Amino acid sequence: MNIYTSPTRTPNIAPKSGQRPSLPMLATDERSTDKESPNEDREFVPCSSLDVRRIYPKGPLLVLPEKIYLYSEPTVKELLPFDVVINVAEEANDLRMQVPAVEYHHYRWEHDSQIALDLPSLTSIIHAATTKREKILIHCQCGLSRSATLIIAYIMKYHNLSLRHSYDLLKSRADKINPSIGLIFQLMEWEVALNAKTNVQANSYRKVP
């Protein structure tokens, strides 16, 4: 399944037939080939039942070329190479005091949290860091659901891709991601909000004499 077969989030900038959106690509060994769509979610598995260190055996995983990494709960040593760290797990330790040189954000999400109000500010934090070419780590406890949801939301907004595209893109680079169904529903609402904002902006532009 080609991850670019669905339309982009806004039809006015969709690629021509057969042409992929111009996203930078990662090296082959940094990507997975498994492409499962949000509508084909596996049963959600609680992090407590998994061997977390086997999910990312090589440490933080580069998932987007703008220096965005996905990971499970890190050690202090693993945080040191990063400029910005976003921890979106209620149960994960807040390590900001141990890494004073790192811009550290802790949003205490649970798997059933209402995250919609946090997505605009969090995706803006990520985007601001990318414009400064800073190295960004986004993590939760396992690195499968909450942190993946945030990265998908970022892709949707700043790469202007649909939820399906954004999910498949991240899935192709971190094949074990598995956002809970509740978070997927909230990403669907995020997509509606982004489309509504785009339509308002497009209409305003057309009214300019």
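Each Cβ is built from the backbone N, Cα and C atoms, and glycine gets one as well.
Copied over from Swiss-Prot:
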REGION    1-43  region 'Disordered'
COMPBIAS  28-43  compositional bias 'Basic and acidic residues'
DISULFID  CYS47-CYS142  disulfide bond
DOMAIN    59-196  domain 'Tyrosine-protein phosphatase'
BINDING   HIS111  4-O-phospho-L-tyrosine binding site
ACT_SITE  CYS140  active site, phosphocysteine intermediate
Which has the fewest other Cβ atoms within 10 Å: HIS111, CYS140, CYS142, the recorded positions listed?
HIS111
How many Å lie between the Cα of the residue listed as '4-O-phospho-L-tyrosine binding site' and the Cα of the residue listed as 'active site, phosphocysteine intermediate'?
10
What kind of secondary structure is CYS142 (disulfide bond) part of, going by DSSP in three states?
coil
If you run through the domain 'Tyrosine-protein phosphatase' (59-196) with DSSP, how many residues end up as helix, strand and coil?
60 helix, 20 strand, 58 coil
The domain 'Tyrosine-protein phosphatase' (59-196): mean pLDDT?
97
